[in-house]
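J.: The structure that follows is given in the form of structure tokens.
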Amino acid sequence: RGTVTPKDFQSSLVLMTFCFHHAATSCSKSCYCSESDSGGKTVRCSNLQLTEIPQDFPNDTRRIYLDFNLFTTVPTNAFAGLPHLVELDLSHNELSQLEQGAFRGLGSSLQFLDLSSNKLVNFNSEAFEGLQARANLTNNPWHCDCSLQMALPHVDLEPASLKGIVCQTSDPEEIGVQGLSFLLAPDIDLCVVMKRTTDVAMLVVMFGWFTMVISYLVYYVRANQEDARRHLEYLKSLPSKPMQPSPDE
Ligand SMILES: *[C@@H]1O[C@H](CO)[C@@H](O)[C@H](O)[C@H]1NC(C)=O
Ligand SMILES: *[C@@H]1O[C@H](CO)[C@@H](O)[C@H](O)[C@H]1NC(C)=O
């Protein structure tokens, strides 16, 4: 018969819920997805006023466009579980901070990382651990100092990427690296002032020790002189022994 029993209705409802649920999780809910001809998904979340990086990207995503949003930070493991991610665009955001391990898990797959046109000031090499991608680091207010200089040799990013670090401010300020790409600025040593400071500190400490040793020597000699003088006076004050034999004997 053609009547719909409550049981049928219930099971179709369950089926419908399952279908919607599946559709929602098969791609990120706030973004647009497309399947490329070569396989793998492209997720577009550009210009959506997003303040937090979505956490629901499909695990076979190859490209993610997150440009022109309002992100201020990339948290640790923000893109974990995306072993096929090749390209990640985070340009034109408000990023001032990249947490340690922000791109963890992308080391073997990611080829292009766009961080240009953000608010990055300090270079945190721990954010880029294991990443060998080509990165666009231009258009950020980079602060170049000794810690940046020390960090760069330990970064695995494609070396040419680091040319994008154009210093807006620097420490020491007067070294003249502002407006230059730090990697291309010849003969600039941002750690030299620190070395000089430690040298001066060392000199002061050595001088201190030297002064103490000299003072002690002077004190020692003086004290001994005093002792010797007192000893002499003591000897002088002793009753003098009669040296000549008595005339009675
Ligand atoms: C994605 O996750 C599903 C299960 O959630 C799994 O079956 C599949 O193999 C994963 N695909 C990739 C490319 O890791
Ligand atoms: C890096 O980004 C800037 C601005 O976002 C763009 O003009 C430039 O072409 C990019 N460079 C590369 C190598 O893609």
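We count from 1, first residue shown onward.
Placed from the backbone N, Cα and C atoms, the Cβ positions cover glycine too.
Sharing the features that TrEMBL gives for it:
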DOMAIN    26-63  domain 'LRRNT'
TRANSMEM  200-221  transmembrane segment
J.: Averaged over the domain 'LRRNT' (26-63), what pLDDT does the predicted model reach?
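T.: The predicted confidence over the domain 'LRRNT' (26-63), as a mean pLDDT, is 89.
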J.: For the domain 'LRRNT' (26-63), give the DSSP counts of helix residues, strand residues and coil residues.
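T.: Going through the domain 'LRRNT' (26-63) residue by residue, I get 1 helix, 11 strand, 26 coil.
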